[in-house]
Structures are given as C-alpha cells and as structure tokens.
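Pasting the relevant annotations from Swiss-Prot:
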- C13-C118: disulfide bond (DISULFID)
- 84-100: motif 'Involved in PIP2 interaction' (MOTIF)
- T114: phosphothreonine (MOD_RES)
Amino acid sequence: MSWQTYVDDHLMCDIEGHEDHRLTAAAIVGHDGSVWAQSATFPQFKPEEMNGIMTDFNEPGHLAPTGLHLGGTKYMVIQGEAGAVIRGKKGSGGITIKKTGQALVFGIYEEPVTPGQCNMVVERLGDYLLEQGL
C-alpha cells in the first residue's frame, strides 16, 4: 500500500458514524521533514517548524511558550502525551500529531470535527504504523 493511500483512506476519510465529517488536511512526514504523503490541503511548512515539532517530542513542553507553528499557522499547545502525541488548538479547529518510529502522522481539523475525533483518526493510524515497526 502506498503512503498516499494511508493518507487518503485512513486520514482523509469520513469519520465513523459521521458522514461528511473529515479532517481538513493530513500528512505523513518523516522525522527528517521529508513528506511521505499529504492531502492536497496540507500546508507548506518551513524546516524550522518541523524542527520545533521534533524538538517538542524529544523535550516535551518545548513548544508550550511559543505555540506550535505549521505552514505559518500558530496553534496553542494543549495536553498531549509526552514523546508520543502533540495536540494544538486554534479557534474552532486544531491539530494532532502522532510520532511513530520513523514518521509523524498529522491531522488538521475544523468544526464540525471535534478534537476527540481528530485524535482518534490520527492516533489509530499512528498506532498501526508503530505495530508494523514504522
């Protein structure tokens, strides 16, 4: 299965029980910042934004004072799981990033999708990739 298929079929899909509710954007990005696959709507990010995200996974709390930036959008960092998941909020939307052994799984959402639904979609794929040794 191609990485693009994971993005299209497992991240940008209808959310269970909520037809027409789906993430706004999604991607799978290597720890080095190389994009493995992304939705057409995923923002163009700067290398320093990806570096900040990777630093926060290694040093939890690193992004809290400045916020998480992706594609020029600033998200307020909210409770995640140290070293495993970063969550951010901006207005009625937000972002979830799950770290696997080799990649970061990104999901970006806006209402009517809820933070919990985004977390479920992103973390389910991230957990699957971890189980596969990826």
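Cβ coordinates come from backbone N, Cα and C, glycine included.
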Let me check the 10 A CB neighbour count of C118 (disulfide bond). How many other CB atoms are there?
25
Looking only at Cβ atoms, how many others are within 10 Å of the one on C13 (disulfide bond)?
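Other Cβ atoms found within 10 Å: 14.
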Long-range same-chain neighbours of T114 (phosphothreonine), Cβ under 8 Å, sequence gap at least 6?
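The answer is none.
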According to DSSP, how is the motif 'Involved in PIP2 interaction' (84-100) divided among helix, strand and coil residues?
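Looking at the motif 'Involved in PIP2 interaction' (84-100) with DSSP, the answer is 0 helix, 13 strand, 4 coil.
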Where does C118 (disulfide bond) sit by DSSP, helix, strand or coil?
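Reduced to three states, the DSSP call for C118 (disulfide bond) is helix.
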Just to confirm my parser: what is the rounded mean pLDDT across the motif 'Involved in PIP2 interaction' (84-100)?
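98, rounded to a whole number.
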